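Comments concern the structure below.
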Amino acid sequence: MYTVLNVNPLLMPIGLDESVKASQCVLKLSAKYFVEKKALSGSIVIVGINPQAFTKKFLLQTVHNGIKYSIMVKTPYYPHANASHFREKAKNYMMVLENQLDLKNYLKLLSKLPTWNPFAKTIVLYEKQKNESSENLAKLFINELHAMKLLRVIVLLYSALDDEIISYSWNPYSETNCGGKCETVYILDRCKDNLISQIEVQKEMFPLDLRGCPLLTYVVISEPYVMPPVRKLTSELWNDAYEFQKGVEINLVKIISQFTNMTLITRMSENEENWGAIYSNGTATGAFGLLRNDSVDLVIGNIEVTRTIRKWFDPTVSYTQDEMTWCVPRARRAATWDNVVTIFQWSTWLATLICLMIMSLLFHFMNYKENEGKVSKWPTNLILKTFGMLLGWSVMLDPRSATFRILMIGWLCFSLNMGISYEALLRSFLMHPRFEKQISSEADLIQSGIPLGGREIYRSYFETNNASSFYLYHKYNSTSFSEGVRQAAYERNFAVVSSRRQAMYKDHILGRGESLIYCFAESDNLYKYGVALLARNWYPLLDRFNNIIRSVSENGLIEKWSEELFNRPKGAERTSIVPLGMQHLLGAFLLLGVLDLICIIVFIGELVYSCTQKRTFSLYSDYKKW
């Protein structure tokens, strides 16, 4: 049976064979409890209406005609039709029970529907028998609903003897309870003869002050989101509790615990990066496994919200964005031996050498013409002097003609220009060394052939039909994030799929301020994702946490915490001036060594030539004497 007038869910079972006045009480009480601060905006789901009972005639008719609700009537005793077409979450449930066992059947039915919503308000209506205790009944129903994570519960108990309905409620969070089972209840209202007598005002089920209730958090080390712990804590309840002080998400959960007045407990596995895995049947391991069986309230550590995670858990609002990208070894510096030579292109060097030879020959010709018979016929001396002028050295020449002097002035101007250019470029080369070609795209990565990989969960991203993804998928090596970045930074033979923020911070620490890895530009990212905290499914305080996270993010605290970690990393020493070392001037020393070697070879050659000449002359003299 299905009647829809509006859009709001409520549940009611059957089993009351009483007067219209009782139905009117149910109508008034449900209107009071459901509407509260906001008007109804969903459907009322009524479960288990018995066509033989009075509710067919009175209860359903009264509720339907009294207030314009949308009503959905369901029964757990017949197979339910496919409800995948209607996915709006229920806002209110009302369950009318004929006996105590009906409640489990109703919950079994509702929990399988796409409209299932434990955050909804729930009213249970039941006619108690003579030998049943009202308070015990109320606690029994509340605890059965609590097992299904329904906490916003009100129990209406009808007494046939008194023709009266009494409403009971409870406090999930109080001085003696922190979301555990119901141990005490209190009376809200009594309704008789269509008149409501208020006994007690309904208390806030999730108060602003949670009175030190524990906030159980499971931590996965993910710098800079979660920094390593300071020390291990001794606790009777948890043997894996640690104290954390630094990290964006550590600061965030500390703010949440302070605003809600909860006691923060941070647990951590000894295993590195123990996020765990989630399987198709809902079972999970690691941190996800603890969250799945409700052993912890939150898991933190750079959680990327995927479709699978959203299916089994409740993430908070995203408080920042990160990027998934490739990070590879940073290109090495180019060879320094040629720093002295590669300042100019080969064509510039060739043109300079030709100019040097031409000017040397012209100077020699003019000098020989002016000092005929006084200078050598060989141009060696003038070549050296012309080269000395090019280097800015002091040279002794005595030009007499105007042409000779003009040529010298022109050569000096040319030498001055070349010397200034060379010196300026040499300084630039020494202070800004050149690098080899950087791997900066997937095409470069494939062409390089270096091993690649990352966390196993990212492998499926490359399972597509295009050529590059096919190659990356089959070459992918599963490894932890920290090991992948360390291998890329130190061993320089690995490309890792990584969070950009994590990789940059890890690189900053490993290189002590000097970058060891290169992450692809934003245009070559794999994708962007929102970072969130991960709460257990249907966590009742999630809305409160989301409001706090929005406030913290809007006030700029997230960015402030991130900047503090990046600006002052432990052990990092950054400097803007790099002192020159042997590696910068290696080319100059190599050139000097080559020239010295040439001089030694020439000197040895001269000695051999001189000895040969002397020996030849001695033999010739002896021959003449003979």
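Cβ atoms here come from the backbone N, Cα and C positions, even for glycine.
In TrEMBL, the transmembrane segment annotation falls on 378-396 of the listed ranges 17-35, 93-111, 207-225, 378-396. For the ranges 138-161, 402-425, the feature annotated in TrEMBL as transmembrane segment maps to 402-425. Here the transmembrane segment (402-425) has long-range neighbours at 343-344, 352, 355, 359, 362-363, 366-367, 370, 386, 389-392, meaning same-chain residues at least 6 beyond its ends whose C-beta is under 8 angstroms from one of its own.
Within the model, the domain 'Ionotropic glutamate receptor C-terminal' (345-594) shows a mean pLDDT value of 84, rounded to a whole number.
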